[in-house]
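These notes concern the structure reproduced below.
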Amino acid sequence: MERAEAYGFSGAMSGTFLLSCLLFAAVSRRQRGPYMDEVFHVPQAQAYCHGRFLQWDPMITTLPGLYLLSVGVVKPAAWLLGWTGSVVCSVGMLRFINLLFSAGNFYLLYLLLFKIHQKNKAVSGFQRILSALTLAVFPTLYFFTFLYYTDPGSVFFTLFSYLMCLYGNHKTSALLGFCGFMFRQTNVVWTVFCAGNVVAEKLNEAWKIELQKKKDEKISSRKGSFSDLTRILQFLVEYLISPKNLVTLTALTWPYIILVSLFFVFVFINGGIVVGDRSSHEACLHFPQLFYFLSFTVLFSFPYLLTPTKIRKFLLSLRKHPVQYSLITVMSLFLIWKFTYVHKYLLADNRHYTFYVWRKVFQRHELVKYLLVPCYIFAGWSFADTLKSKSIFWILMYFVCLVAVTVPQKLLEFRYFILPFLIYRLNIPFLSLYRQLLELAFYILVNAVTFYLFLNRTFQWENSDEVQRFMW
């Protein structure tokens, strides 16, 4: 990092943290007590603060990583600063833990952008800083910086694990992956993703050697025609059934294999992935979650995905491959018809934006969910098109992880899209400075509206005296 870039990054990070502290103070003044899921998280952390480690709220569905880390930070800080009484492990103090995670996420996002795009000499330091700043204030993640939720910590350990994987520190990466798993069980998928990065790299090397042997210039390690993809899949199977290759891959990925094995042991002993209230978190094959994720990604990456050039390229592709797109359309319609689920929370809780998205869009008419298929197909094509700089093996690996982390979820919840979105966004090429600034301006606008609604547009339910607020 050059001196000017270092100063620029320090200024951006310091300024963002200062503004976040001011916003944190505003949120804490308006909402002093626990809100939404905080009514479970805060008392549980306070029980740990008082040494009651055997106490557990059965409504909590995640492992105790957030509470253990909170106690590990707050207790030493209270001892050093002489804090006593109710201030120790208060709601505000616990929420501040996530403000620290937010600063850490800013730094990790910058380091990941630097590492992933280090070969692209055309990218300036200012662009890296700007992109890290934009992702650090990504609305769905940034909102939960100011509440005591698991999301900032979950993202922090997962990004840290990914960074260590890219630098080849796989034992450290797996250990950090375990920390992420302790925050949210589904983060084990991103441990598989880290292992998949290693496997994809080896596969790409072997594929290039295979191409050189055959001297076949028509096939590349990038996405190509259907016949090319078939040959690549055939090569993939042949490579992975070779005992020699399996031994090599196992030697490289054994830390991740151990962690995934521990995960399956946990699932067997626990009787499932959820540790608390399982009635509201039933796994199912909810394939339309992929379509919702793609739509979510197009919205928050519209300067990259929703451009006139992209639309023209998509229409050209549509004209060149009508049969393939017809098959995709039929498959999409079938998946929507047979695998659309509506969670009771989605219909009942009018504090979440997803409630209004579902009511205003999907519940307007029974046919709406089918009429959106062309939009989903464009979103999927545009999404894949921005990843064409990655190897086909990386794309396959990422897609498997994307399916694993989204499809089993019955509830449409934007928080579940945070990590797959960030991983995607980190790996797409940098665009022009204008588009980066447009993306940042859009995120700032969304955050401004979100916090305005949360702080000022309160309402009450008929059967409750508590103040209700709109949130993600």
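Along the chain as shown, residues are numbered 1 onward.
Here the Cβ of each residue, glycine as well, is placed from N, Cα and C on the backbone.
Listed in TrEMBL for this protein:
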TRANSMEM  6-27  transmembrane segment
TRANSMEM  60-81  transmembrane segment
TRANSMEM  93-114  transmembrane segment
TRANSMEM  126-149  transmembrane segment
TRANSMEM  254-275  transmembrane segment
TRANSMEM  287-305  transmembrane segment
TRANSMEM  325-346  transmembrane segment
TRANSMEM  367-384  transmembrane segment
TRANSMEM  390-407  transmembrane segment
TRANSMEM  440-459  transmembrane segment
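Counting C-beta pairs under 8 angstroms (sequence separation of 6 or more), the transmembrane segment (60-81) reaches the transmembrane segment (254-275) with 3 or more such pairs. Highest Cβ contact count with the transmembrane segment (390-407) among the listed stretches 6-27, 93-114, 254-275, 287-305, 367-384 falls to 287-305 (criterion: pairs under 8 Å).
Under 8 Å from some Cβ of the transmembrane segment (93-114) lie the Cβ atoms of residues 1, 9, 13, 16-17, 20-21, 24, 27-28, 41-42, 45-46, 66, 69-70, 73-74, 87, 128-129, 131-133, 135-136, 141-142, 144-149, 151-153, 155-156, 159-160, 162-163, 166, 422, 426, all in the same chain and six or more residues away from its ends.
With a threshold of 8 Å between CB atoms, the same-chain residues lying at least 6 positions outside the transmembrane segment (287-305) that come near it are 138-139, 332, 335-336, 339-340, 369, 372, 375-376, 379-380, 382-383, 386, 402-403, 406-407, 409, 412, 414, 416-417, 420-421, 424-425, 428, 431, 435-436, 438-439, 442-443.
Taking residue pairs at least 6 apart in sequence, the transmembrane segment (325-346) and the transmembrane segment (367-384) share three or more C-beta contacts under 8 angstroms. Beyond the ends of the transmembrane segment (6-27), by six or more residues, the same chain brings 95-96, 99, 102-103, 106-107, 110, 125-126, 129, 132-133, 136-137, 145-147, 451, 454-455 to within a C-beta distance below 8 angstroms of the stretch.
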